[in-house]
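Structure, as structure tokens:
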Amino acid sequence: MTAPKSEFLAVVRDRGFIHQCTDLDGLDALLAKGPVSAYIGFDCTADSLHVGSLIQIMLLHWLQRTGHRPVVLMGGGTTRIGDPSFRDEARPLLTDEKIGQNMAGIRQVFSRFLSFGEGATDAVMVNNADWLDGLAYIPFLRDFGRHFSVNRMLTFDSVRLRLDREQPLSFLEFNYMILQAYDFLELGRRTGVRLQMGGSDQWGNIVNGVELGRRVDGLELFGLTSPLITTASGAKMGKTAQGAVWLNEARLPAYDYWQFWRNTEDADVGRFLRLFTDLPLDEVARLEALGGAEINEAKKILAERATTMAHGPEAALTAAETARKVFEQGGTGDALPTHDVAAEALAAGLPLAEMMRATGLAASGKEVKRLVSEGGARINDVAVSDAARLLGPADVQDGAIKLSAGKKRHALIRVLPG
């Protein structure tokens, strides 16, 4: 497209957020006229979102920053079914109680990125259970089922992948596409939403919603998707060998979150600064051009800005100071992940492998053995030569034992008084 007239599309284009759009010129014209309401849906399959959802959160962040209204759709209803998009198997079904708990945890994430309220551009959060729970099956099929072509739905990549692999796709999951399309229609009626955004895996679902709104209510709706984000080495964004990189501190300490960004591959620094921080693009260009050891300063800025957005400036500052103590001074810092043990248990001897797993430094005893054999397992900065080693009172320094896995991952065993 030519240079966008709307600030939102100009920002997200320049920062690398756009993958596909149903009508880019039409959307640009609409956004240029004044505030537009747009939404992204999030299913409640866990009590936190992880970094894999961050590009969608940042889209909503920039939408609000450029004068529009973000609508966060919580999938309290559709989570009971599960989105089959590009999954090898069905998701386990969750109870209503668990879905409610997960929604409460996810709500905490958005308060860092969006401003909620009653104003024209203040963010709102809605739950699709509010309208899906009351649907009557026969009237719903009569009024809306006729607008969906099964032939076409079978051509969507998300469905074809499962069928080509001869993996079962239940009727329950197949209905997810219809319900997501209905969400778009219902939000258009209730909140005036005109745009749905999402990841590239949601393209088929979004297009269904755009067409349903046009056929049923004559609405002019739009869809915009972001690209799948992978690292320079090809790894999927949001996952590490140690598990998901969660956005809630109850799931992942702010220090670990800071460290995740600090460990970004050199080739990804500029792209991640554009996508996951609000740094001006001229500053991003300057940092991206740094070479050699100087790129580490850019990584620290990436870690600081990303952690500030997710956890606040105080948590980011504490994490940076902890990292400085750990890596520059050899200290322990105050924000490292901790695991508490009783003094009596320590006196009896605690297996190193068990403590490495408890602190998240290793996923299994096999991984502990590998770390020991490679010289990567350390107690108080001293390499361990025996994977069967027991921790005892003699290892305690200043009330804690520092464990390390490699040069960049550390945790504390904190001893509770007897």
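Using the three backbone atoms N, Cα and C, a Cβ is placed for every residue, glycine included.
The structure displayed is predicted, hence computed values, not measured ones.
For TYR39, TYR176, GLN180, the entry in Swiss-Prot reads L-tyrosine binding site, with the evidence type sequence analysis. Using a 10 Å Cβ-Cβ cutoff, TYR39 (L-tyrosine binding site) registers 26 neighbours. Classification of TYR39 (L-tyrosine binding site) by DSSP places it within a strand.
Look at Swiss-Prot and you will find 44-53 tagged as motif ''HIGH' region'. Residues 74-76, 79, 82, 91, 94, 99, 101-106, 108-109, 229, 236-239, 244-248, 250-251, 260 of the same chain lie 6+ residues outside the motif ''HIGH' region' (44-53) yet bring a C-beta within less than 8 angstroms of a C-beta in it.
Residues or ranges marked as motif ''KMSKS' region' in Swiss-Prot: 236-240. Residues belonging to the motif ''KMSKS' region' (236-240) score a mean pLDDT of 72 in the model.
Residues annotated as ATP binding site in Swiss-Prot, with sequence analysis given as evidence: LYS239.
Summarising the annotation, Swiss-Prot assigns domain 'S4 RNA-binding' to 350-416 and lists sequence analysis as the type of evidence.
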Binding residues TYR39, TYR176, GLN180 (L-tyrosine) - maximum C-alpha distance in whole Å: 17
Helix, strand and coil counts within the domain 'S4 RNA-binding' (350-416) (DSSP): 19 helix, 24 strand, 24 coil
